[in-house]
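Residues or ranges marked as disulfide bond by Swiss-Prot on the basis of sequence analysis: CYS37-CYS85, CYS60-CYS81. If you look up Swiss-Prot, you'll see 37-85 marked as domain 'BPTI/Kunitz inhibitor'. The annotation signal peptide is assigned in Swiss-Prot to 1-27. The annotation site 'May bind Kv1' is assigned in Swiss-Prot to LEU39.
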Amino acid sequence: MGTARFLRAVLLLSVLLMVTFPALLSAEHHDGRVDICRLPSDSGDCLRFFEMWYFDGTTCTKFVYGGYGGNDNRFPTKKACMKRCAKA
């Protein structure tokens, strides 16, 4: 029974890495810098409730930020998000 649980955990971790890793790679510039506008929304680790904006690849969308952690694709206003991420 313990082996089955371990294998299930390894499989779950493998799937999670296969989904997350390409998204992070696609967010990198050729010089190694990360384009924050290509990062996925990340609500962070805490349980606070802040309405923030992130760029979803097309436009800026509201999401709830927990107040700690997350990534830099997080803006206090739609205007700030569009200014940083919208391509003219």
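Each position is counted from 1, following the chain as shown.
Placed from the backbone N, Cα and C atoms, the Cβ positions cover glycine too.
For CYS81 (disulfide bond), the same-chain residues that are 6 or more apart in sequence and have a Cβ closer than 8 Å to its Cβ are TRP53, TYR54, PHE55, CYS60, PHE75.
Put plainly, the recorded positions LEU39, CYS60 were compared by Cβ crowding within 10 Å, and the winner is CYS60.
According to DSSP, CYS60 (disulfide bond) is assigned to a strand segment. For CYS37 (disulfide bond), the same-chain residues 6+ apart in sequence whose C-beta sits under 8 angstroms from its C-beta are PHE55, ASN73, ARG84, CYS85.
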